[in-house]
Amino acid sequence: MDKENHSVVTEFVFMGITQDPQLQIIFFVVFLLVYLVNVIGNVGMIILIITDSQLHTPMYFFLCNLSFVDLGYSSAIAPRMLADFLTKHKVISFSSCATQFAFFVGFVDAECYVLAAMAYDRFVAICRPLHYSTLMSKKVCLVLMLGSYFAGLVSLVAHTSLTFSLSYCGSNIINHFFCEIPPLLALSCSDTYISEILLFSLCGFIEFSTILIIFISYAFILIAIIRIRSAEGRLKAFSTCGSHLTGVTLFYGTVMFMYLRPTSSYSLDQDKWASVFYTIIIPMLNPLIYSLRNKDVKAAFKKLIGKKPQ
């Protein structure tokens, strides 16, 4: 069909997770609870770290920023998703779609670099303990975080420009619950080949550069742990990394599954649930992952609520 016969798309319509009205109510209640736990957990973690001087260390500075970016990208998606569960017409304007997309991409890609910075911090703490205060000074930590947010900003601009400079002049129905790359590319009436290559390359660079930093950091950490003679010392060293490894595995595993594939292999209905996992569930789990076995966080929480730590 001649593309000139199509009208230019000025708004999109989400299909959402389900079209069943009863399931929509159930999902609204479930995801509202999940999002509330997410907000309470991440805001609570930020407040705890800011207010307790015992947590004013590089490790918790990075954890505070992780909670911030988790809160950022989940809040770019969840409120709109919850509202759509209660409405029949899930319409979003072209500009609002671009804005949602931009904030989501910016925070997610910033998180990649925050996780890499956390891995580097663990490497220095375990492998270079005598030089820790110099290598992880306040200035270094600040530069690492500013660099993470700058990388997120650059990625935001690049992704948004590449995706929304395409022509959308056919169907405006997004088979998803938010504005994401694969369903948007599927709707474009432009030739998306070059954009797909550039987007894939950008995603690949961000993923693999940060994974490489994490992998190298943990390779040195593993060597250092093996050299520790006492079993107690090995366990203590490994316990400081266990939470971060869990968070990294969950986050990167899902993101790589979602984005580092050609669009021909996408099943949009199936991928919606993978998107739910990393946009809503992982941000909720991170405060739990990083605090459940952390004595410092538990002690700070007890102090905050006025209970003396044991």
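Cβ atoms are placed via backbone N, Cα and C, with glycine included.
Predicted, not measured: the structure shown is a model, and the values here were computed from it.
Feature annotation from Swiss-Prot assigns Cu cation binding site to CYS203, MET256, ARG261. Annotation note: MET256 (Cu cation binding site) sits in a helical segment as assigned by DSSP. For MET256 (Cu cation binding site), the same-chain residues 6+ apart in sequence whose C-beta sits under 8 angstroms from its C-beta are GLU207.
The disulfide bond annotation in Swiss-Prot covers CYS97-CYS189 and is backed by sequence analysis.
Swiss-Prot lists ASN5 with the feature N-linked glycosylation site.
Marked as topological domain 'Extracellular' by Swiss-Prot on the basis of sequence analysis: 1-25 (among others).
Same-chain residues lying 6 or more positions outside the topological domain 'Cytoplasmic' (47-54) and placing a CB less than 8 Å from one of its CB atoms are 60-61, 63-64, 67, 296-297, 299-301, 303-304. According to Swiss-Prot, the feature topological domain 'Cytoplasmic' maps to 47-54 (among others).
Per Swiss-Prot, the feature topological domain 'Extracellular' maps to 76-99 (among others); the stated evidence is sequence analysis. Taking Cβ pairs closer than 8 Å, the topological domain 'Extracellular' (76-99) reaches residues 9-17, 24-25, 27-28, 31-32, 35, 38, 107, 160, 164, 168, 177-179, 184, 279-280 in its own chain, all 6 or more past its ends.
The topological domain 'Cytoplasmic' annotation in Swiss-Prot covers 121-133 (among others). Averaged across the topological domain 'Cytoplasmic' (121-133), the predicted model reaches a pLDDT of 93.
What Swiss-Prot lists as topological domain 'Extracellular' is 155-196 (among others).
A Cβ distance under 8 Å defines the sequence-distant neighbours of the topological domain 'Cytoplasmic' (218-237), meaning residues of its chain 6+ beyond its ends; these are 119, 122-123, 126-127, 245. According to Swiss-Prot, the feature topological domain 'Cytoplasmic' maps to 218-237 (among others), an assignment based on sequence analysis.
The feature topological domain 'Extracellular' is assigned by Swiss-Prot to 259-271 (among others).
Residues or ranges marked as topological domain 'Cytoplasmic' by Swiss-Prot: 293-310 (among others).
Residues or ranges marked as transmembrane segment in Swiss-Prot: 26-46 (among others). Residues 17-18, 63-64, 67-68, 70-71, 74-75, 78-79, 81-82, 85-86, 280-281, 283-284, 286-288, 290-291, 297 of the same chain lie 6+ residues outside the transmembrane segment (26-46) yet bring a C-beta within less than 8 angstroms of a C-beta in it.
Taken from Swiss-Prot, the feature transmembrane segment covers 55-75 (among others), and the record attributes it to sequence analysis. Through the fold, the transmembrane segment (55-75) approaches residues 35, 38-39, 41-43, 45-46, 48-49, 103-104, 106-108, 110-111, 114-115, 117-118, 121-122, 125, 136, 141, 144-145, 148, 152, 247, 279-280, 282-284, 286-287, 290, 296-297, 300 of its own chain, all at least 6 residues removed from its boundaries and within a Cβ separation under 8 Å.
As annotated by Swiss-Prot, transmembrane segment applies to 100-120 (among others). With a threshold of 8 Å between CB atoms, the same-chain residues lying at least 6 positions outside the transmembrane segment (100-120) that come near it are 59, 62-63, 65-66, 69-70, 72-73, 76-77, 80, 92, 144-145, 147-149, 151-153, 155-156, 159-160, 163-164, 178-180, 184, 206-207, 209-210, 213-214, 217-218, 244, 247-248, 251-252, 255, 279.
Using a Cβ-Cβ cut-off under 8 Å and counting only residues 6 or more beyond its ends in the same chain, the transmembrane segment (134-154) has close neighbours at 58, 61-62, 65, 69, 105-114, 117, 120-121, 124-125, 128, 206. According to Swiss-Prot, the transmembrane segment annotation covers 134-154 (among others).
As annotated by Swiss-Prot, transmembrane segment applies to 197-217 (among others).
DSSP classifies CYS97 (disulfide bond) as helix under the three-state reduction. Between the CA atoms of CYS189 (disulfide bond) and CYS203 (Cu cation binding site) there is a gap of 23 Å, rounded to the nearest whole number.
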